[in-house]
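J.: Copying in the features that TrEMBL gives for the protein in this structure:
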COMPBIAS  21-32  compositional bias 'Low complexity'
COMPBIAS  463-487  compositional bias 'Basic and acidic residues'
DOMAIN    119-247  domain 'Phosphatidic acid phosphatase type 2/haloperoxidase'
REGION    1-51  region 'Disordered'
REGION    451-487  region 'Disordered'
TRANSMEM  95-115  transmembrane segment
TRANSMEM  121-141  transmembrane segment
TRANSMEM  162-184  transmembrane segment
TRANSMEM  196-219  transmembrane segment
């Protein structure tokens, strides 16, 4: 990547990109009525998510979803011009680098990587954000800002998702509020006899950093042309709402004199409470505390915990809205939702079977053993389920109609799911690369889109090679990758859905409870920092 001279104000800087990411592994299956797009063929029409003709969505979606989508698209059309003007004024090569790469810190992929060192509460907050934002994305199938007039800077495969709302904004706001409440509670303890863990100055510094982080993520989505203002506002509201519903934060105390007109007015509405005869206090931002309620239930209840949580998870998967386009939102929602299921079942089993551990010791090698066991679990569980589920589905389909999502091939239409293992050219048995590793955004490239995406003009993108050379047109892949994509036809299989639920729930359970207990029993010791 090369840093180019700063452009003159009012002009967009030259292309900023590095090698493009591989093509999506999600096969494109035609949604209903896509033949309505035929009149656009040959005119540079790009069928990215949300970019089909409006007739496709009006015919395919229920009337209420189509009506809301039209309103959102109207806002996107107006705001695309505003975003383009902002880009004209503020874009600089170094800002391109900053906002593109800091966007990774607000992605669900980043938080999946950080799961081993996060808390159970944070996992649930993030999972709720990913799931609910993906529900809204697939519910309304709204496009991202149109390019042109905007120049869209993207990394990885985020551009394959719908635009409304911004998952980045949802995640960044909820995580900032999450850490803000922790910092506040350790800086200002309710009991004066308990010393604070951090000083007010440190709390102010942390608050400033969290505000800067949130601004970088949310404004960065507008700067890079990936989201409209409406997308970011809705994502911000969603993230704040998720945090508020989950947290048990008592709130920031607002104290007024009992005779203050505002205190009198709010007290008549049932808000706040009088402390003594001369003071009224309102706690701003007090949470509902549903997270603590669910955790306490998992700790104290019996077999009703798995009997309720598992059907809820499967119902959430089954009832996820059907999109018009082949959008990856659904798979992300499955992954995070299943992680929450595994974590909560782990909490339940810890208290149900008495597997909660004393203060663990840290032993060298336990971390690598944990990774190895989870790696083996993923391979074995996925391979086994791919072998067992398709014939099971075919047998059940003879008795009743099984649910099936659009773009997912039912078991009655294929013989088997490709194995995790394959025979190499030299006759040796090889293991397919793990998608969750090879598809990380850190190894992907940045694409600058300047046309084609919903613009009615020919699409054009630029990439810059590792040595700084510029490549126009399609993504730059090595010859081995090109042969792979030409030779292998990748499709969605219905067995993949239940497989993903089981695999990710199992990973969370192993990381939370199974492996810590096993290593403690073996006398290996565990690192307490990895328990969520």
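A Cβ is built for glycine as well, from the same backbone N, Cα and C atoms used for every other residue.
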J.: Please work out the mean pLDDT for the residues of the domain 'Phosphatidic acid phosphatase type 2/haloperoxidase' (119-247).
T.: 90
J.: Quick test of the contact rule: Cβ under 8 Å, at least six residues beyond the ends. What residues does that give for the transmembrane segment (162-184)?
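T.: Sequence-distant neighbours of the transmembrane segment (162-184): 49-50, 72, 76, 103, 105-108, 111, 121-122, 125-126, 128-130, 132-134, 136-138, 140-145, 198, 203, 206-207, 210-211, 213-214, 217-218, 220-221, 226-228, 230-232, 234-236, 238-240, 242-243, 247, 249, 252, 323, 325, 327, 329.
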J.: What counts of helix, strand and coil residues does DSSP assign across the domain 'Phosphatidic acid phosphatase type 2/haloperoxidase' (119-247)?
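T.: For the domain 'Phosphatidic acid phosphatase type 2/haloperoxidase' (119-247), the helix, strand and coil counts are 87 helix, 5 strand, 37 coil.
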